[in-house]
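Per TrEMBL, the features are:
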- Glu64, Glu94, His97, Glu182: Fe cation 1 binding site (BINDING)
- Glu94, Glu146, Glu182, His185: Fe cation 2 binding site (BINDING)
Amino acid sequence: MQRAARTAICDWCQPVGSAMIRQSLKCRVPLQHNSRAYSVLPPPRDDEEKEMMHQMLRVDHAGEFGANRIYAGQMAVLGRTKTGPLIQQMWDQEKKHLAKFNEIIAENRVRPTVLLPLWNIAGFALGASTALLGKEGAMACTVAVEESISEHYNSQIRALMERDPDRYTELLQIIKDFRDDEMEHHDTGLEHNAESVPGYWLLKNAIQLGCKAAIYVSQRV
């Protein structure tokens, strides 16, 4: 099984990762012309608001990119098992999330984090290594990551609601929809015996600590 997993990882890691990074870095594209000058975000009123929104979008994009790489790693190991279709279903939703943030950061000239190549490798490695523990290990990773992302989205929702909910109506709806998807993935992980993996709480806390560190640095770098 380990030999097969190594082969699968070699097959999946390079093409998927490089393609996603190239797409994510394509930020300088022409704006689409429509009935208004923006589709999601209004023009910033000052430098403070611009910096706040850039940090928010940068970390959201990085989080969805990392989640995609985690599911890619899980599929490399478990894609041909009975768990494969379930992981693929969750991954397909994450692909839509990433595509939307690719669109938003391009439209608003937001620089992605320079750490995308690191998240490419780290995300895939995390997904593959936990999947090597079996279905339960993959689901434990999903629970930990999706809980962290959901909590982060909730904090953004609170911040935007306090600042000006009418001004950020479209962005709030996107974040709420994505938050709900992440919670669905979290609950799916629990339903598929995530907590039965040996050392579940230790594994979960370690992954979530890593998620918090990744969120912190991706906002700033």
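Including glycine, each Cβ sits where the backbone N, Cα and C put it.
Put simply, of the binding-site residues Glu64, Glu94, His97, the one whose Cα is nearest the Cα of His185 (Fe cation 2 binding site) is Glu94.
Taking all protein chains in view, 22 other C-beta atoms sit within 10 angstroms of the C-beta of His97 (Fe cation 1 binding site). The Fe cation 2 site, placed at the center of the C-beta atoms of Glu94, Glu146, Glu182, His185, has further neighbours from the same chain whose C-beta lies within 8 angstroms: Ala67, Met90, Gln93, Thr142, Val145, Ile149, Ser150, Asp181, Met183, Glu184, His186. Surrounding the centroid of the Cβ atoms of Glu64, Glu94, His97, Glu182, where the record places Fe cation 1, the chain contributes additional residues within 8 Å, namely Gly63, Ala67, Asn68, Gln93, Lys96, Leu98, Ile149, Phe178, Asp181. The distance from the Cα of Glu182 (Fe cation 1 binding site) to the Cα of Glu146 (Fe cation 2 binding site) comes to 5 Å. Comparing the binding-site residues Glu64, Glu94, Glu146, Glu182 on other C-beta atoms within 10 angstroms of each C-beta gives the minimum for Glu64. In this structure the alpha carbons, written CA, of Glu146 (Fe cation 2 binding site) and His97 (Fe cation 1 binding site) are 13 Å apart. Residue environment of His185 (Fe cation 2 binding site) contains 25 other Cβ atoms, counted within 10 Å of its Cβ in all protein chains.
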